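Peer 1: As annotated by Swiss-Prot, region 'Domain I, interacts with DnaA modulators' applies to 1-76. If you look up Swiss-Prot, you'll see 76-105 marked as region 'Domain II', on the strength of sequence analysis. Taken from Swiss-Prot, the feature region 'Domain III, AAA+ region' applies to 106-323. Residues annotated as ATP binding site in Swiss-Prot: Gly151, Gly153, Lys154, Thr155. Residues or ranges marked as region 'Domain IV, binds dsDNA' in Swiss-Prot: 324-443.
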Amino acid sequence: MMDAWPRCLERLEAEFPPEDVHTWLKPLQAEDRGDSIVLYAPNAFIVDQVRERYLPRIRELLAYFAGNGEVALAVGSRPRAPEPAPAPVAATIAPQAAPIAPFAGNLDSHYTFANFVEGRSNQLGLAAAIQAAQKPGDRAHNPLLLYGSTGLGKTHLMFAAGNALRQAKPAAKVMYLRSEQFFSAMIRALQDKAMDQFKRQFQQIDALLIDDIQFFAGKDRTQEEFFHTFNALFDGRQQIILTCDRYPREVEGLEPRLKSRLAWGLSVAIDPPDFETRAAIVLAKARERGAEIPDDVAFLIAKKMRSNVRDLEGALNTLVARANFTGRSITVEFAQETLRDLLRAQQQAIGIPNIQKTVADYYGLQMKDLLSKRRTRSLARPRQVAMALAKELTEHSLPEIGDAFAGRDHTTVLHACRQIRTLMEADGKLREDWEKLIRKLSE
């Protein structure tokens, strides 16, 4: 029967999304009972989800591979096989305490600080995550909230902090959940009248990591339970690390008291990576895959794919897969040919009209005013921001950008770009506006 479980798991990996397999199925430990298998899960959340979503398929596969589909689920760790008694020795050896079995909290061990590519857009988030791992529960960064658009590395930093905490303290109980998982587990607990058990899960952990808390918006009971969970962990000096797709105060449907709690610790924006960081990410990901990527190809991808890390990885995966399939070397020409449709879609997603509309909406302006010849400060500054964003995020030339702004001269565009760059060094509000607009345009 034990030989059947790895084969069963391999089939499940092919049938279900990778994140689901990693979250719910990989933590399971199998014990052979002769005529059946017991699958041990690290907590009741996983037991409930496996029973509800995967158990029928697991039984089918085990029946196919082992001729018997009898499966039981339990919370805990697989019992260790008894060791033979040691032969007697003349000297008495002092007994040693058995090591504590590590807590399987759904952490992906692949994500570490070592393989996180640091850049200007994420260096504060990286420093904060390292501090949270080194000094868990410290009020200076508890809770630690990382916010920004999808695919910028928030979850990587969250996993890295959890893995570093576990490395420093192997017995630490670190639990990672997506917000949907917290919600689903709470609903199941309500249905089963098992809320006491649901709450006890969080009393036993050292750190709680929850992804995408914007999902809690509008779910009053979920927010209430998370509010009480948050208070208990915070009072117990247990580390809380959260991610959100925007600054929590901007999330409609989150209760004011929860927004207030989230502001107690440290909130850090993770912005889209700049060109140098994007190129470094492409080269680093290529090394991880054992692929040979020339620098000029990495620069091409970094120049064209501006939105997020996930898109960079997608472009790289496409390139490497086609190179392996065709046996061709990866060159700039090969990359342009392979990624042609992807790069075209990227350019269309962030065009000058989209930038103009986003900037006008952000500053509460009419489009006709943004493009007008009027030079009042309330119009001139947003107009310069829009021009600078067009230069930063598109491949259009200065004359083309000027034409899109009611036929302005290319020198006007150049002046706007230089002016905004200079002002952002001293004007924190303008820098904040710029970063928010970048995030909006990258969504």
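Using the three backbone atoms N, Cα and C, a Cβ is placed for every residue, glycine included.
Because the structure is a prediction, the values reported are computed rather than measured.
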Peer 1: In the region 'Domain I, interacts with DnaA modulators' (1-76), how many residues does DSSP assign to helix, to strand and to coil?
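Peer 2: Tallied per class, the region 'Domain I, interacts with DnaA modulators' (1-76) gives 42 helix, 14 strand, 20 coil.
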Peer 1: Mind telling me which of the binding-site residues Gly151, Gly153 has the densest Cβ neighbourhood, counting other Cβ atoms within 10 Å?
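Peer 2: The residue with the most neighbouring Cβ atoms within 10 Å is Gly153.
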Peer 1: What other residues of this chain sit with their CB within 8 A of the center of the CB atoms of Gly151, Gly153, Lys154, Thr155, the recorded ATP site?
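Peer 2: Along the chain, the qualifying residues are Leu146, Gly148, Thr150, Leu152, His156, Leu157, Thr243, Ile270, Asn308, Val309, Arg310.
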Peer 1: Compile a sequence-ordered list of residues in the same chain as Lys154 (ATP binding site), six or more apart from it, whose Cβ lies below 8 A from its Cβ; state 'none' when nothing qualifies.
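Peer 2: For Lys154 (ATP binding site), the qualifying residues are Gly125, Leu146, Tyr147, Gly148, Asp211, Thr243, Ile270.
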Peer 1: Across the region 'Domain IV, binds dsDNA' (324-443), what are the DSSP residue counts per state (helix, strand, coil)?
Peer 2: 92 helix, 0 strand, 28 coil
Peer 1: Non-local Cβ contacts of Thr155 (ATP binding site) (under 8 Å, 6 or more apart, same chain)?
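Peer 2: Tyr111, Asp211, Thr243 - these are the non-local Cβ neighbours of Thr155 (ATP binding site), listed in sequence order.
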Peer 1: If you average the pLDDT over the region 'Domain III, AAA+ region' (106-323), what number do you get?
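Peer 2: Mean model confidence (pLDDT) across the region 'Domain III, AAA+ region' (106-323) is 90.
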